Structure formats: C-alpha cells, structure tokens
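Summarising the annotation, TrEMBL assigns ATP binding site to HIS17, ASP168, ALA169, LYS170, ASP245, ARG251, LYS252, ALA268, LYS272. The Mg(2+) binding site annotation in TrEMBL covers ASP19. As annotated by TrEMBL, K(+) binding site applies to GLU45. For GLU58, GLN103, ASP245, LYS276, the entry in TrEMBL reads L-methionine binding site. As annotated by TrEMBL, domain 'S-adenosylmethionine synthetase N-terminal' applies to 7-104. What TrEMBL records for 119-237 is domain 'S-adenosylmethionine synthetase central'. The domain 'S-adenosylmethionine synthetase C-terminal' feature in TrEMBL is assigned to 239-376. Residues or ranges marked as region 'Flexible loop' in TrEMBL: 103-113.
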Amino acid sequence: MISKNKTSTSEAVSEGHPDKIADQISDAILDEMLKKDKMAKVACETLISQNLVVIAGEINSTAKKDIDIKGIAKQIIKNIGYTNIEYGLDYKSVTIIDAIGYQSIDIANAVERKDTKVTGAGDQGIIFGYACNETENFLPIAYELSNLILQKASKLRKTGEIKWLRPDAKSQVTIEYDPNKKPIRINNIVVSHQHDPDISQDVIRQTIIEKVIKPTLQNKSMFDPNIRYYINPSGNFVIGGPTGDTGLTGRKIIADSYGGFARHGGGAYSGKDATKVDRSAAYMARYIAKNMVAAGISKEFEIQLAYAIGLSNPVSTKITTGINDENYEKRILEFIINNFDLTPDGIIKKLKLREPIYSKTSTYGHFGKNELEWEKLDFVDKIKEEFKT
Ligand code: AMP
C-alpha cells in the first residue's frame, strides 16, 4: 500500500553480510599495521567467496613482515560467528590467500612530497559529508533505525537468546514525512535474516517482530502499531554468508555513510589509511556538517570536497544547506575554508587518524558513533558565535 505522505527509505547490513566481513578484515589489517607503524600506507581489499578469502591491495609499512594476515582474517570470521561451514563460511577450514603487494612508487612520491614536505592527497576524488537534525546522532532516522534493528538481532544471536539465527542479515526502514518534511511514523520494516533450516517462517516472523524490532523501536517516537512488516520476504534464507553471495571490501558505501540521504562520491572507506582522502576527508566533511547542524545553521547540511592526487588543499568545496540566501551560504563556506584545515595533514591531526581506530567503523556505519573524533561537537560554540544562531 502506497502512503499518502512522502516516504523515504534506508537500509543496513549485519556484520555477517559478506561485504561487511570483507570490510572488517580490511580494517582489522589496517589497524594491526597502525598499531606497529603509524605511517603505514594501506589499501587493503578483501574478496570472500564460498570458503575462500583473498586479501589483496597495496601496503607499504615496516610492520608488514610482523603481521599475521591470515590469523587476523580467521579471528574476524570467528568473532562474527562463522564457525560452521553450513553457515556459509568456517574460520577453521577457510582457505586464505595473501596477495598483498606494494604501493606504486609514483603514488608514494605524490603522497609523501619531498619538495613541499606536506602530505599530498592519495588520489583525486569527490567526497561528501552530511548531517541532519532527525536524530540525536544527527543521522537520518530511517538509517539509524535500520542499524539498531540489526545490532539488536546480532546481540540476541551472540548471547544465544535466539539460537537459530545465523550471521547474515539485512534490514530496511521506510519513514513517512509530513508536508513540512518532518518525519512522522515508520511505514514499513523489512528484515531478511539468515536462519537454521529447521525453523518455520511463522516462528521467524513472530520472533523478529516481538524480540528484535519491538524492544528496539517501541519507545521511539516514530513507532506505530500499523507498521507493515516484511520478514524474510524471500521465503527462506538458510544459505547465506559468502556461500550465498560473494563479499567485497567497499561494496556497502551507502550503508557505511548516510543510507542514501546524502550524495556519495563513490570512494569506499574500509581498508584505507588516512592519506586516502576518500576516507579521511569523508570523516572531516561529516565533522563539519554535524557541527553546522548542531549549531543551528540548517536542518540538513551537505558538504562536498574535491582533491587532486599529490596536492594537499582541496581543489573545490561546495555546501548544500537548503538556506535560500546565496550570500549567507557564501559566508558559511568562507568560514569553513578559513577555520577548518582541509589538507590531509590537517585532517589527520585534528581527527587523530594515525590511531588504530578503524575496526570500530567497519560495522553498522562510519557515522553516529560518539566515541569517534569526527562526531565531536567541539566547533559548535565557534559557529554559533560567528553566525549568532
Ligand atoms: P547484496 O547485499 O546486494 O550483495 O545482496 C545479496 C544479499 O542478500 C546477501 O548478501 C544476503 O545478505 C541477502 N540474502 C542472501 N540470500 C537471501 C535469501 N534467501 N533471502 C533474503 N536475503 C538473502
């Protein structure tokens, strides 16, 4: 049934989704490198198909010889819960191929510039950052709720409270908006969760609604008794993990960022060290956007940054605020350029991106987790002072 109101939808994937397993392995390898070598240059890509993991990419680091790549991958697979080949992957019998090479000398020279002594961007690219006032975490509500549902399911699976859940899962939430673009209610929820073979779809539906969704969402203002639920609409989801679908690093860029509510430049985050602006500038852009919305500049704020390989300053910056005043927008952009250091060195320093923090980002979104530097609201006062908001 189509709603009379405008709707908007977002989705999330669990830590057992094949693409997410790949992201977690890539980021765990990055973190292990950074623990031993803060200057490691890492671009780590993982492919997982059936019971095979191929880890490739380019890494330059003094730590390379000391890192147990295969051991890290096995530990991640085990932690997720892939402990039986019937689930689609098994840490005990998995074949792991380490095909990691070295960063091109041409790129390495462009990043570590001997002439200027400043870090150049590791690639060209366009990067977006976004925030909105729909939730306390300044994220779109459909996106946040999609993630909360899967985090709850994961908890119940891992504590053994629901024994027949397997690791692979996806969720999707549709929110209705009033004519003033205010979110008013959840219209429908889709959950596809991998499960053991000997459990009926009726029990799965009942359990997911009563034990996963309702305890997670019942106290949220968007909850509504008339929500339509689509639980395992395929009818069966026993075959899953990398046996059902190949996993690749960087293939969940929308679930990693803003769930489709902002534009995306296309560059993935996981597996990349902070000299890659695809990742570091996306974190800086989020930091700026979140502080702007928290300061009351606008309900929604999107910023685009563009870089050229080897250069440190962005080659272009643009903001989209929904404010119908070109001069005011120009002032905001000028303020950003004058007050935020948007060079790779500036971003790395401000957001402490040489630390091994990346595994925290590789599941359930890179944004909205308050312990991460780019979620801090320490620029709000300065923005308020400048714009008297
Ligand atoms: P994608 O996320 O675009 O790669 O789409 C495939 C995903 O759908 C898989 O990775 C699983 O998370 C999910 N999936 C696999 N088998 C089923 C199934 N039988 N029913 C519902 N979802 C499934």
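Placement of Cβ uses the backbone N, Cα and C atoms for every residue, glycine included.
Remember, TrEMBL labels are computer predictions, not curated facts.
Positions of TrEMBL features highlighted on the structure.
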{"residue": "HIS17", "record": "ATP binding site", "DSSP (3 states)": "coil"}
{"residue": "GLU45", "record": "K(+) binding site", "DSSP (3 states)": "strand"}
{"residue": "GLU58", "record": "L-methionine binding site", "DSSP (3 states)": "strand"}
{"residue": "GLN103", "record": "L-methionine binding site", "DSSP (3 states)": "coil"}
{"residue": "ALA169", "record": "ATP binding site", "DSSP (3 states)": "strand"}
{"residue": "ASP245", "record": "ATP binding site", "DSSP (3 states)": "coil"}
{"residue": "LYS252", "record": "ATP binding site", "DSSP (3 states)": "coil"}
{"residue": "LYS272", "record": "ATP binding site", "DSSP (3 states)": "strand"}
For ATP: widest Cα to Cα gap among HIS17, ASP168, ALA169, LYS170, ASP245, ARG251, LYS252, ALA268, LYS272 in Å: 25
Beyond the flanks of the region 'Flexible loop' (103-113) by at least 6 residues, Cβ under 8 Å: 41, 43, 58-60, 119-123, 275, 309-310, 344
Among HIS17, GLU45, ASP245, LYS272, the binding-site residues whose C-beta sits under 6 Å from ligand 1: HIS17, ASP245
Within the domain 'S-adenosylmethionine synthetase C-terminal' (239-376), residues counted as helix, strand or coil by DSSP: 55 helix, 16 strand, 67 coil
Spatially closest candidate among HIS17, ASP19, ALA169, LYS252, the listed binding-site residues, to LYS276 (L-methionine binding site) (Cα to Cα): LYS252
Proximal but sequence-remote residues of the same chain as GLU58 (L-methionine binding site) (Cβ under 8 Å, at least 6 apart): LYS41, ALA43, ILE100, GLY101, TYR102, GLN103, SER104
Among HIS17, LYS252, LYS276, the most crowded of the binding-site residues [Cβ within 10 Å]: HIS17
The domain 'S-adenosylmethionine synthetase central' (119-237) - residue tally per DSSP class, helix then strand then coil: 35 helix, 39 strand, 45 coil
Distance from the residue listed as 'Mg(2+) binding site' back to LYS252 (ATP binding site), taken between C-alpha atoms, in Å: 7
Close binding-site residues near ASP19 (Mg(2+) binding site), where close means Cα within 10 Å, chosen from GLU45, ALA169, ASP245, LYS272: ASP245
Set of same-chain residues at least 6 away whose C-beta sits under 8 angstroms from ALA169 (ATP binding site): VAL13, SER14, GLY16, HIS17, LEU150, ALA153, SER154, VAL191, SER192, HIS193, GLN194
